[in-house]
């Protein structure tokens, strides 16, 4: 029977525990985040199965939310994000560009460009009879080690990088939305830089005047055009089927990925391509899906990659709006979504110097905090926003968009014209400090900004000794100190209080204090407290604030744009720099020539490129082509420069830039350079086994431009940077071989003698003494017999000596004590030999002399290794081991052998020195320049070059649902799929296929006289 009283204690405890567990489970604060600021969102482990991620449902938003200045706490329900105001098409005013310049810091109008006479027919460059002289300095390569960097030094390509793959969405209890917060550093309305207005300046025609094509040429062109369109349909269909609504498709595994916030990057990036290729049904479906994109939130990233978002999303929306007819078109949501995104991106400019934050923490708790631009940004990231915001300002009439990028242009312009601004005048280093904050300079002197009266009072106060001040070296009032003395004669220690002078500080014990003048700003230098990293402030409300409401330590010495490379700068036209320079001539076109800064900046850029970066490669067919390299600068002189003769796919845009700028600024030499640059990339395609050029490679440069012929010796030296060391190794090996041959011959002779001695010894009785063997011999003793006998006699003498010198014991009998000296062991041994007649056995006196001589020459004190051989008497042994023959020296690779092995192992084509990055990730830059050259010159050969590129790319990248990047363009794999990397970036549809299509469509489609394309190949309408 269960007794309740016995178990009542357990029952009561159980009830209490159950009650507590119930209360804990109901406690709403159990899962609440920290009280202050947002906590980092936990990111679950990547899904090993790469399952497609469904995006969270869109949260409805009220029409007119009131902006809240305070940061949103995570435990509170977030306010609904705002919906941008619907844009009334009839109220959008496009500036008519009628009046004069009204831009802050504007300059005089540019020199009027020459306009062709009325009725004159433009002549293409192909028809010029006078060749244009190209002036490019010779590139004299120094040491090979100084020219070529390590193969493992992979360059960081900021422009269009493959984004970090977000396998799953970031877990969150509630969906957080961006909301507009008050600016910390607003621009006053009267200070906003307005769009240039007025009638566009006359700009020379860019595009060649094409004649009517023949029926054969038309049929050929349209056949190729259809194949390009088929490739676009394949890629789009694969994306739409397997990755609709996501950023990108992985075309082998057929899985979606979201590196760019999950806002359907491929969809937005491809809108204008779909329209241009007349894929209207696909365009309309994508246009409908556009409404589902919510730019105010993302479950995939904590920050927005500003550069990529602007060129892909904002540029894609604006271009789609333009190509579909703009205000007269039927797709107003394109501009609406562009404005919605632009409002979010405007927050990146809320910094003290209005330089943008390039990785924008969009959540309100972070966005509401004051921030600075980074101390390390790339030229391309900072300078590739102007076209998108300029065109948006033109379409909406909002000057704030133009103001945002005009300030960046002004900063670049000031730097380019600053005396000793950069190591290469006209170009900017790859890494820039855009923070506007010099924390290494001395702090502000408060007296410098005070009134005269305040400065006088402060100076007087500084000359008066402060109350209680004791000069160095003086003793202050006495004080008491307990001191202990040792006891006398071993007695106890004694202690007592004594008066002493107060100790001076450590600073008082050294040299006298230096007196500084109070009339200069340096008299009151303050120590600048360590400040938080620019652009990185905690949004937790715990950051100390100053009186101005900004974080403590915020103030610093202002500065303009400057190098962020810490004394080591890189200059090139490749990744991280390219598109900033690309936008200078294109902004000139987009603004109708009304802003002269862009022409000035472009011309200084191309002049610097020609002086420092361009070089001619050495090719087997002596092809007249050019490339742009990379220069490293450590100082301010040409002697401090070094150059890498690199060839990168990103740099291939340069031919188009030179051609475009040469046409609009009437610089024929630049057009010719553009041709050579574009043809250089075509050559790089043609030299690879796959017909596709790699991401990054090195080539052999010509020492002199224009006078360059193939030099096999020079080429081999570049392929083998250690060729001089290798030649030394070969010389050393040849010397070692001579020594080895001599040593080998000597060893063979010794081995032959050893074998003969062994054979001779094997024929003798083993237990005979040397004397017995000598007696047995009928011939005169040999030197070997005498040597052995000498050893026997010597050992016997040693034994006799040891015996005679040893102490005699009580029971020992000293036989030798009674014998005369002639009866020693030596003599006994000698007596054993019956002396033969001198005429038969030899003269014993001569034998004794030989024995004594041998005793002096031979090592008679050898160790136990000299024991007897075949008997009990000591003998000089004959080794049974063969004589050691040293191994033959290993022959090192010769210079020629090393080079041939490297070429075969790495599949290096002639003219190339290394393939640093052999991938091809579907990039467009090479075909971009080919298209520009065709539209500018009208030469159909560019269409042929482009077609060879297209067929090679499709052959090696095509999958059943799209096209994939490949790992190595220099190797032909047994299985094509083994060379694919399962990646199809959005620019494959937005740029690469678009340029191929435009190369084979009619020239009036996206004419260069009517349109200007951004760095993502999105066409914007030029003002008329």
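Glycine is no exception: its Cβ is also placed from the backbone N, Cα and C atoms.
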Region 'Disordered' according to TrEMBL, located in which of 696-729, 798-831, 832-865, 866-899: 798-831
Feature region 'Disordered' in TrEMBL, mapped to one of the ranges 486-544, 545-603, 604-662: 486-544
For residue 695 (active site, proton donor), the three-state class that DSSP assigns: coil
Minimum Cα separation from residue 578 (active site), reported as the residue among active-site residues 308, 695, 925 that achieves it: 925
Distance, residue 695 (active site, proton donor) to residue 308 (active site, proton donor) (CA atoms, angstrom): 19
Pairwise Cα distance for residue 695 (active site, proton donor)/residue 925 (active site) [Å, integer]: 11
Active-site residues (308, 578, 695), the one with most neighbouring Cβ atoms at 10 Å: 578
Intrachain C-beta neighbours of residue 925 (active site), sequence separation six or more, cut-off 8 angstroms: 649, 650, 651, 652, 653, 681
